[in-house]
Amino acid sequence: MEQTNEKKAILYKYLLITGIIVAAFNLRPAITSVGPLIGVIRDRLELANWSAGLLTSLPLLAFAITSPLVARLSHRYSNESVMVAGLLILFIGISLRSFAIIGLLFAGTLFVGLGIAVCNVLLPSIIKENFPFKVALMTSIYSTAMGVFAALASGVSVPIAEGLGMGWQIALWVWAVPAFAGIVVWFLLMKRKKGERHVVYYGNSTKNQIWCSPLAWQVAGFMGFQSSLFYVTISWMPEILQANGITASAAGWLLSFMQFIGLPASFIVPVIAGKFRSQQGVVLVMGLFAISGYGGLLWGQTFGTMIISIVLIGFSLSGMFALALTLLGMRARDAKQAAQLSGMAQSFGYILAAFGPIAIGFLFDATQTWDIPLVTLIIVAMIVVIFGFGAGRDKYVFD
């Protein structure tokens, strides 16, 4: 009997790891697939640059609005059931967005953000609860899985839309498939945990303390500004490259290349961060890479300089994002604190991130050059380092 229960526990653990990885597959493709196609969508639907930027910013606003609510919903209905609901909303959003109707395009985009927000908030808490001594390792695994599909989505968008002649609608819709796979896996996990209550409890004594923690605000600032860099880059990098003479298809593949280059950082950075009590050194290295990369795009004029810049940006953005996810667990003592910190940091952080693509679109519309937007990104990278130094200290949010 004990052996049977042990086998069931092992099978559940493997299914849970599979669920975490499949959920991670869905965290970026619905957004990164838009960047290479944003020019096509803008032209076909006659959108302004700033409104085209909403296709990236709307999901981030949804992250910000939804994130504080997700942890409480998971306590009431269980992590597994809320995850199923989130992936279902994501599936519906991707499907709605694939119609060439402006209203459905933006409504679907908002649904995409709501669905992804659920996974964004729950995964750090699920990892902290089920793998309390392997937070860095599990974070590196799921952030790497996230990066693989993010890069794939960037690379295949234009070939699907134009190379195969399927159009931008199908190129966006294909990412409903991993969402459906996630629904299936988490439904099985939900049935397994049916009747159990999630361990995260929100007592009255601490429910608002997270918003009064300076460390939590530093984590939120680090999360927000590095996310802003990422989403601006995946939204406008193809346009920046095309302004330098790169074709649309090649720009999409270079964006994909940038994200594939970042995969080693997604895996290595959390592991390295987990070996030190302070992560400030990691923050500094990643920040210098980002500043150098955007500087290369601004001042470099050759194709070789652009490639080097893309490598530096890809490594730094993936590394900083993986570190931000790791800090959500490392700056918390338990799953309860991790859920609270995750909800707060991602809510405030994505408010900052949401304005990035829109602001850069406005700057380009106003100046008709990418110089001022790139200078702005260099300044933002410096701000990331400042917040990262605070968030990287060896402390806990409620100390």
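Using the three backbone atoms N, Cα and C, a Cβ is placed for every residue, glycine included.
Bear in mind that the values here come from a model prediction, so they are computed numbers and not experimental data.
Residues or ranges marked as domain 'Major facilitator superfamily (MFS) profile' in TrEMBL: 12-396.
Residues annotated as transmembrane segment in TrEMBL: 12-31 (among others).
The list of residues near the transmembrane segment (51-70) in space but at least 6 beyond its ends in sequence, with Cβ under 8 angstroms from a Cβ of it, reads 30-31, 34-35, 38, 41-42, 82, 86, 105-106, 109-114, 116-118, 120-122, 227, 231, 234-236, 342-344, 346-351, 353-358, 360-361. Summarising the annotation, TrEMBL assigns transmembrane segment to 51-70 (among others).
Among the features that TrEMBL reports, transmembrane segment is placed at 77-94 (among others). Packing against the transmembrane segment (77-94) from elsewhere in the chain are residues 19, 23, 26, 30, 70, 108-119, 122, 125-126, 172-173, 175-176, 179-180, 182-183, 186-187, 189-190, 192-193, 196-198: each is 6 or more residues past its ends and has a CB under 8 Å from a CB in it.
Taken from TrEMBL, the feature transmembrane segment covers 100-123 (among others). Sequence-distant contacts of the transmembrane segment (100-123), counting only residues of its own chain at least 6 positions beyond either end whose CB sits under 8 Å from a CB of the stretch, comprise 20, 23-24, 26-27, 30-31, 41, 44-45, 47, 54-55, 58-63, 65-67, 70-71, 74, 79, 82-83, 85-94, 142, 169, 179, 325, 339, 342-343, 346.
The annotation transmembrane segment is assigned in TrEMBL to 135-158 (among others). Counting only same-chain residues 6+ beyond the ends of the transmembrane segment (135-158), those with a CB under 8 A from a CB of the stretch are 17, 20-21, 23-30, 32-37, 123-124, 127-128, 168, 171-172, 175, 178, 234, 248-249, 252-253, 255-260, 262-263, 266-271, 273-274, 318, 321-322, 325-326, 329-330.
Residues or ranges marked as transmembrane segment in TrEMBL: 170-189 (among others). With a cut-off of 8 Å between Cβ atoms, the residues of this chain six or more beyond the transmembrane segment (170-189) that come close are 12, 15-16, 18-19, 22-23, 25-26, 29-30, 33-34, 37, 80, 83-84, 87-88, 90-91, 94-95, 97-98, 115, 149, 153, 156-158, 160-161.
Sequence annotations record features per position, and here TrEMBL assigns transmembrane segment to 210-234 (among others). Through the fold, the transmembrane segment (210-234) approaches residues 31-32, 34-35, 56-57, 60, 150, 154, 255, 258-259, 283, 290, 313, 317, 320-321, 324, 327-328, 331, 337, 340-341, 344-353, 355-357, 360, 373, 377, 380-381, 383-384, 387-388, 390-391, 393, 395-399 of its own chain, all at least 6 residues removed from its boundaries and within a Cβ separation under 8 Å.
Sequence annotations record features per position, and here TrEMBL assigns transmembrane segment to 246-269 (among others).
Among the features that TrEMBL reports, transmembrane segment is placed at 281-300 (among others). Long-range contacts of the transmembrane segment (281-300) within the same chain, counting only residues at least 6 positions beyond its ends with a Cβ under 8 Å from a Cβ of the stretch, are 222, 229, 240, 265, 269, 272-273, 306, 308-313, 315-317, 319-320, 323, 370-371, 374-375, 377-378, 381-382, 384-385, 388-389, 391-392.
Under the heading transmembrane segment, TrEMBL lists 306-328 (among others).
The annotation transmembrane segment is assigned in TrEMBL to 348-366 (among others).
The transmembrane segment annotation in TrEMBL covers 372-392 (among others). Away from its own ends, the transmembrane segment (372-392) comes close to residues 214-215, 218-219, 221-222, 225-226, 228-229, 232-233, 236, 240, 278-280, 282-284, 286-287, 290-291, 294-295, 297-298, 316, 320, 323, 327, 331, 356, 359-360, 363-364 of its chain (Cβ-Cβ under 8 Å, at least six residues beyond either end).
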Result, the transmembrane segment (12-31) in contact with the transmembrane segment (246-269) (3+ CB pairs under 8 Å): no
Segment confidence, the domain 'Major facilitator superfamily (MFS) profile' (12-396), expressed as mean pLDDT: 85
